[in-house]
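Trainee: Please read through the structure below; I'll follow up with questions.
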Amino acid sequence: MSLSSKLTVKDLDVTGKRVFIRVDFNVPLDGKKITSNQRIVAALPTIQYVLEKKPKAIVLASHLGRPNGEVNDKYSLAPVADELSRLLQKPVTFLHDCVGEEVTNAVNNAKDGEVFLLENLRFHIEEEGSRKVDGNKVKADKAAVTKFREQLSSLADVYVNDAFGTAHRAHSSIVGFDLPNRAAGFLLSKELQYFAKALENPTRPFLAILGGAKVADKIQLIDNLLDKVDSLIIGGGMAFTFKKVLENTEIGDSIYDAAGAELVPKLVEKAKKNNVKIVLPTDFVIGDKFSADANTKVVTDKEGIPSGWQGLDNGPESRKAFAATVAEAKTIVWNGPPGVFEFAPFAKGTEALLDAVVASSQAGNTVIIGGGDTATVAKKYGVVDKISHVSTGGGASLELLEGKELPGVTFLSNKQ
């Protein structure tokens, strides 16, 4: 799966066509009020570009929340239609389902350039292909899924996916369109361009920074990156498992991942074989409880962490070593913060690392922040626009970094 060879919306002829755009309008709601319109704003460039090309109609589709394959008004996209209309300064026709006669008639009788927003795709079990009933997974009927996909396909002449956050899901609206031209929107295209830059053709030295609690959860990620990077910073909770196994450091009550511990020697062996430098913390900010009001102190790895205390951030010496490693790199991928940044006493390691990667990005290097917690960090400290690329998809970016194919990307047409 080459990330850089996929058709984009700019390669399509959309004039006079019905254009289906799978967007990610999974916005946070407080009742019917949208608390952050960021995801709607992010989709505007693709929508506005298509509008300028005078399409017959634009059909927008998204999921919202987890309605579990049934209609639940709490997860209706109706409030999104109003917000989108305000942002586009143009009426948006909200349809009360995503398939069916009313939807088909509305789209086929569209006024030129009309913008439709379909109701939540996940109100139908056929979108995800299953639902949970009493804790058990119940699969959708195969014929019903095929029909649902045919109904969605019948609303369009061309298909555009601009929802990177769900590109790792083989859902009907992501892989179910029987149309000849299937392209990436600007948002998805930017994601692919940056991940291709790092994973297919990085400017070296290439550094990956990993945080997170468990080695076992990140095993595929580490294993795949060891074939690609020149250096690897390991921070966060999983650093303690590495320190314990490799150096027999006293880690007190810090996170220890017994399953992950068995995998550490193999990973280190692979790093040596591939000439990858692994950088681990050498000192820690520790707390006597997992809380913002914990008592804190700084200890070195030689001193060890006493019983009853846990490591919740890296210490000043580690911050210097991490910053020096960042300063050497030309391509950086960061997935997972090095400390519990949500608590002020344990946020300094994350802040220092963020300063270092921002400086690197500003100096013209490529810095990619994977979605999830690390993207939250970039937003919290207001540096999103100072970093080459902050990914919009936690799960999808993780799977790309693990070396997996994303169904939604594989499904797109290749450039001729």
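Cβ coordinates are placed from backbone N, Cα and C, and glycine is handled just like the others.
Per Swiss-Prot, the features are:
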- VAL23, ASP24, PHE25, ASN26, GLN38, ARG39, SER62, HIS63, GLY65, ARG66, LEU121, ARG122, HIS168, ARG169: (2R)-3-phosphoglycerate binding site (BINDING)
- GLY212, ASP217, GLY236, GLY336, PHE341: CDP binding site (BINDING)
- GLY212, GLY236, PHE341: ADP binding site (BINDING)
- ALA213, LYS214, LYS218, GLY237, GLY311, GLU342: AMP binding site (BINDING)
- ALA213, ALA216, ASP217, ASP373: Mg(2+) binding site (BINDING)
- ALA213, LYS218, GLY237, GLY311, GLU342, ASP373, THR374: ATP binding site (BINDING)
Trainee: Reduce the DSSP letter at THR374 (ATP binding site) to three states and note it down.
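Mentor: DSSP call for THR374 (ATP binding site): helix.
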Trainee: Want to know which binding-site residues, from VAL23, PHE25, GLN38, LEU121, LYS214, ASP373, are within 10 Å of GLY336 (CDP binding site) at Cα; which are they?
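Mentor: For GLY336 (CDP binding site), the binding-site residues whose Cα atoms are within 10 Å come to ASP373.
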Trainee: What are the non-local neighbours of THR374 (ATP binding site), defined as same-chain residues 6+ apart in sequence with CB under 8 A from its CB?
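Mentor: In sequence order, GLY211, TRP334, ASN335, GLY336, PRO337 meet the Cβ cut-off.
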Trainee: Sorry to bug you, but what's the C-alpha spacing from GLN38 ((2R)-3-phosphoglycerate binding site) to GLY237 (AMP binding site), rounded to the closest Å?
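Mentor: Taking the Cα atoms only, GLY237 (AMP binding site) lies 30 Å from GLN38 ((2R)-3-phosphoglycerate binding site).
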Trainee: Looking at the binding-site residues PHE25, GLN38, GLY65, LEU121, GLY236, which has the shortest Cα distance to LYS218 (AMP binding site)?
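Mentor: Going through PHE25, GLN38, GLY65, LEU121, GLY236 one by one, the closest to LYS218 (AMP binding site) is GLY236.
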Trainee: Just checking, which of VAL23, ALA216 (binding-site residues) has the fewest C-beta atoms within 10 Å of its C-beta?
Mentor: ALA216
Trainee: Assuming the binding residues for (2R)-3-phosphoglycerate are exactly those in the record, VAL23, ASP24, PHE25, ASN26, GLN38, ARG39, SER62, HIS63, GLY65, ARG66, LEU121, ARG122, HIS168, ARG169, what is the maximum CA-CA distance in angstrom, rounded?
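Mentor: Binding-site diameter by Cα atoms for (2R)-3-phosphoglycerate: 22 Å.
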Trainee: Whose Cβ, among the binding-site residues HIS168, LYS214, LYS218, has more other Cβ atoms within 10 Å than any of the rest?
Mentor: LYS218
Trainee: Identify, among the binding-site residues GLN38, SER62, the residue whose Cβ has the fewest other Cβ atoms within 10 Å in this structure.
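Mentor: If we count Cβ atoms within 10 Å for the binding-site residues GLN38, SER62, the smallest count is at GLN38.
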Trainee: Go through the binding-site residues SER62, GLY212, ALA213 and tell me which ones have a CA within 10 A of the CA of ASP373 (Mg(2+) binding site).
Mentor: GLY212
Trainee: When the number of other CB atoms within 10 A of each residue's CB is tallied over all shown chains, which of the binding-site residues ASP217, GLU342, ASP373 has the maximum?
Mentor: ASP373
Trainee: Which of the three DSSP-derived classes (helix, strand, coil) applies to GLN38 ((2R)-3-phosphoglycerate binding site)?
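Mentor: It is helical.
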Trainee: Please state whether DSSP places GLY311 (AMP binding site) in a helix, a strand or coil.
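Mentor: GLY311 (AMP binding site) sits in a strand per DSSP.
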Trainee: Compare the Cα of ASP217 (CDP binding site) against each of the binding-site residues PHE25, GLY65, GLU342 and report the nearest.
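Mentor: Ranked by Cα distance from ASP217 (CDP binding site), first place goes to GLU342.
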Trainee: Want to know which binding-site residues, from GLY65, GLY212, GLY236, are within 10 Å of GLY311 (AMP binding site) at Cα; which are they?
Mentor: GLY236
